């Protein structure tokens, strides 16, 4: 029997077994499908319909009950329509159930439900008639008389539902039994089929294994490391095995041919990878240089190393009446050898001719007077010279000359051409950066000149107060000069952006960092706005309460107001600290070391947090150990922020028990064990302990990360942004120390701060490493915008604090926050001003149109209906109000927000939270 017939026999038996098994599975699956259809499409449908009927019935019954019990007044037509809709829905579902019920018991239940509901519906109709006629006294009796029928209806609905659910359970049990039977039948059928297949397979293998063994033996002789020579099979049978052997011999011949071609292709790929690798390493050099000379020096050294050249020169084009190519970098040049030249005119020599031709060429017959390669033992004459132009849009920017002791290979030439393709763009980018640097230096010089002029104007303002109007004009001229300077800066930024666009293909990671910084900037700006808006009211009102004795407040109330104002200031400092966290991340936060008295510092901490301890009924102690130093040299503001952050967390997460602060000197062994061997004679140790909820050990590192808390439940219960400990950790490192935690869940926490005393500041400790250049640039711009404060005009200081220029003036305050309006109105009325208020832009425009005279407008920016930008534009569009001073007030602190306010028509700009004295000073300027 041939191998083909044997295979057909085995395959036929296998197919027969599979078909038989498939029919068995289909039969059993069909039974299961029937049971599931009965459960889902029939029983579940009926249960769902009955449930909906009961819900609709309960809804209608509750409406009637509210009218009867609560005498609730309703709109009778609407109520009548609601009952009709409810009745139609119930009737529809009863009909669906009636059509789907196919048992006598089920039909009896449905008939009983319909009969009970018809009786109830008759009562509903009678109820509506009585209600329409106004005879409400009979409603309760009418409703109570139907109580028995209503209970019976609900009982029948429940019975029908229970009956259908029991049928569902029975069908589910049948489906389970069918599934068990299917599993048994399937296992039996598979076992029989496997036995038959194994028997036939063994017979087939035994009958063919002899020839296959011969073939296998021949294949094992193949050397797979060298497929250019493959042994042939010697099988002469006339069956399929013989055909396989013949086919193998043919395949071996083809594979030998293919292997030879593959070796050639691998060689080519290796050369291409070599070109790509070195090309990438050379292109990577472009972004590291800011001068063309530095780029040329490193490039010629790199090319000489990669291309195995022993001499090299880089000639840069200088524009003039006749272009000159001047050597700005060289490799292995002999300064004592006079054979070489430092420059060539275009068309002069091989360098000049290469510039005209604009293509690479070789010179394998080197002239006798060509510069030789010098070594410690003598000189060597090069064998080959290569000239290559650097092009950008068909314009030659420079020429590279290389000399080698052997001929340049095609692979080396291919690499050079690859590099030259991008080198022109790099040279143009560096020249552009150099031009931008010159423009920035010119801009800084003009800025210093403007600063000197500003100081001169300030001196004139103090000496000649009577000429304030003339100084105001000069201030406006200075502002225009500043705007012109900003325009020039914009032009420089545009050129910088063009340069950045050319580098994007080489700096993918830098772009990702820019995008991340943008998101961060938006987050900080939005957060600043949301916090500064309510903070504005707190600071203004508390400041007014503490400074005005006419309110009749006693000393304790005044002290409370001072605490409110102090807390508001702390919150403002916290906002700034959040921005400081970004500064820390890029190494741009300034720290100022000064002497800090430990006892005074501890007293301030105790005084600040004792009210919180009393409020939460917690024991609070600040203990200065006897060995504690009298004073330390550090940044007091950052140290205070660290301790406040730790204590705030301690009070927040402690419901009962105590919170304590311990201050002492660190033992030398303790900070040496922590690898904190800084060059400091004195180390301070501050321990903040509490009996709160504690922290799991696996969370000890995670809590110091930004925006992280122990878990989501902690955030929901206690609140917070998750920034406190992150800021604490970064500030501790800035001060040269470390912050560590010891805690167990449910057993309280203990945070230990170790910092050195550094009389000479940061010179005694390691400087923090600066982040990547790109990150620093972006973060600098972000933080500058966030921390930008309003700079008042120079003439503000010339006004007396008690000036009466504001009395009798009419001011319009536009703000959507009632707290800000209340605070501003009280403050301005005390200055003798007439105050009008508006909550959005539309109200503002209406008041301005109706009012006889508005002397000045205080305009919020973020408002509903119409924002401040659009409102200012419309006011400036009114001819009679084009000169009305408008002071823009906004909680956003970005540089772009100020520019947008001025462009929209604002006369001046103040960021929130407002400083009352600053606001009044600016108003006096514009009203004088």
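A Cβ is built for glycine as well, from the same backbone N, Cα and C atoms used for every other residue.
Taken verbatim from TrEMBL:
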TRANSMEM  6-29  transmembrane segment
TRANSMEM  182-205  transmembrane segment
DOMAIN    206-260  domain 'HAMP'
DOMAIN    810-927  domain 'Response regulatory'
MOD_RES   860  4-aspartylphosphate
Cβ-Cβ distance under 8 Å to the residue listed as '4-aspartylphosphate', same chain, at least six residues away: 814, 815, 816, 817, 820, 868, 889, 890
Folded-back contacts onto the transmembrane segment (6-29), same chain, C-beta under 8 angstroms, at least six residues removed: 178, 181-182, 185-186, 189-190, 192-193, 196-197, 200-201, 203-204, 207-208
Mean of the pLDDT scores, which run from 0 to 100, over the domain 'HAMP' (206-260): 72
Residues of the domain 'Response regulatory' (810-927) by DSSP state, where helix covers H, G and I: 58 helix, 24 strand, 36 coil
